[in-house]
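J.: For reference, the structure I am asking about is given below.
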């Protein structure tokens, strides 16, 4: 990957200092009030000062479920990129990359050059960010297989790549993890041979000790903990048990019901480490959220948004945004990896069903022209376990929408999702964006005391199926709104205005100041980039499958 050009914002409101980037930024929005039958809209402006520390830390990542498909694939991806590996496949040689990562393969628009052309740079060039090749990995798993054996068991990567990675992954072995059988499917028992013994309080203390040991032995500045283990059943929120931080900590000490993922979340928060939940269960119960708020530690979740649901968050936004009334969404999946096997149990499937079904809620609620209060599309989600297909998940979707004058439109999609190869770059983005957010602080003219983002890090919503947000905040699932949120907040950190896509410079009758006008040319269809090539059946490439007929001669009589 080519290094990005250095970005320097030429503005009196921005200072690129040796320790931090400081930017004065005017946040413009609107406030709406209802007065009788009138909606009164009032534009507002708030002056912010953003400060982003430039020193990039040595960052460690601890994966819960390190030996699973996602954990072994992410570790392999970072090693393959660090070692610049290439390997043969039946379609030619491949080389390591970070495709699928917003931060490493996405771009942002800086603005227009003197000729009116848009200038794009890598997302990672906007602000100082940890290089993924510098990440240090550790983690836990209920299975004792080393990472090389776990990679082979996952059957995700080509054999040629596995062979090159084997000596680098063979020495990586997960630490023992927490296993509470009633929270995951019974079919996972065969893998559970690497367990932390003792009471819940003793298990919590061991997790904390593991985090401290990793930070110390690897010489790390920061550690982020990411849950990528099995989907658990939902944990009931019970007053007096897990509704407050105090009650949750007492519940752990008394050995009452608490899920393994919540144990890891609490341990991470107590150690000052951000915790991210990549599975659909309600790991971050109210007590865990309150603890994170008390300790000023970031938490995020829930459930990686990687394949079918990501498409759904785009397609339903398109349909409703186009004025079509989507009435039925039916989503069917089958997969054969361990995630699919675990989800074959009803309670674990229910956790997944909830996150996959809620992804269209905000889009429906945004359009009261189409949907009356309380009205929503029929939405059905089915997941089946088919061992033969392995990590190559099949997703089939049917969207039925009402058109004008009683018409209907049906879209049917088939999506083959390489489950772990889609999830791994999302895990990478979660870690890198969370760490970057830890270095951002801001204040306003009316509140000059510096503060950070809310502990519930909703800026990560782009990467989660069921994004957690601070109490009272709107939940946004529409994918491009989520991406714009990340991009525009980071633009604000360097004093750039939000990306509004207006391009008024190109919509004016007279030339825009500072943009060189071009000669007006007649509009015509774009030329075909490929020339017609004769086929073996005598047809040419642009003849729509038919033999090219000779041009008829017109009579002049």
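The backbone N, Cα and C atoms fix where each Cβ goes, glycine too.
The annotation NAD(+) binding site is assigned in Swiss-Prot to 67-70, 141, 177-178, 188, 191, 228-231, 278-279, 303, 306, 337-339, 352, 390-391, 419-420 on the grounds of similarity to another entry. The annotation phosphoserine is assigned in Swiss-Prot to 279, 357, 524. According to Swiss-Prot, the feature region 'Disordered' maps to 514-557. The feature compositional bias 'Polar residues' is assigned by Swiss-Prot to 533-557.
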J.: What does the structure give for the C-alpha distance between residue 141 (NAD(+) binding site) and residue 279 (phosphoserine)? Integer Å is fine.
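T.: On Cα coordinates alone, these residues lie 15 Å apart.
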J.: Among the binding-site residues 141, 231, point out the residue whose Cβ has the most other Cβ atoms within 10 Å, with all shown protein chains included in the count.
T.: 141
J.: Between residue 231 (NAD(+) binding site) and residue 279 (phosphoserine), what C-alpha distance do you get in Å?
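T.: Approximately 6 Å lies between the Cα of residue 231 (NAD(+) binding site) and that of residue 279 (phosphoserine).
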J.: Expressed to the nearest Å, what is the distance separating residue 420 (NAD(+) binding site) and residue 279 (phosphoserine) at their Cα atoms?
T.: 13
J.: Hey, does DSSP put residue 67 (NAD(+) binding site) in a helix, a strand, or just coil?
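T.: Once the DSSP labels are grouped into three classes, residue 67 (NAD(+) binding site) ends up as coil.
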J.: Other than its own, how many Cβ atoms are within 10 Å of the Cβ belonging to residue 67 (NAD(+) binding site)?
T.: 29
J.: For a quick check of packing: other C-beta atoms within 10 Å of the C-beta of residue 191 (NAD(+) binding site), how many?
T.: 20
J.: Whole-number Å only: compute the distance from the Cα of residue 191 (NAD(+) binding site) to the Cα of residue 279 (phosphoserine).
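T.: Cα-Cα, rounded: 19 Å.
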J.: Give me the CA-CA distance between residue 279 (phosphoserine) and residue 306 (NAD(+) binding site), in Å, as a whole number.
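T.: Checking the Cα atoms of residue 279 (phosphoserine) and residue 306 (NAD(+) binding site) gives a distance of 12 Å.
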J.: Across all protein chains in the structure, which of the recorded positions 279, 306, 420 has the highest Cβ count within 10 Å?
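T.: Of 279, 306, 420, the one with the most crowded Cβ is 420.
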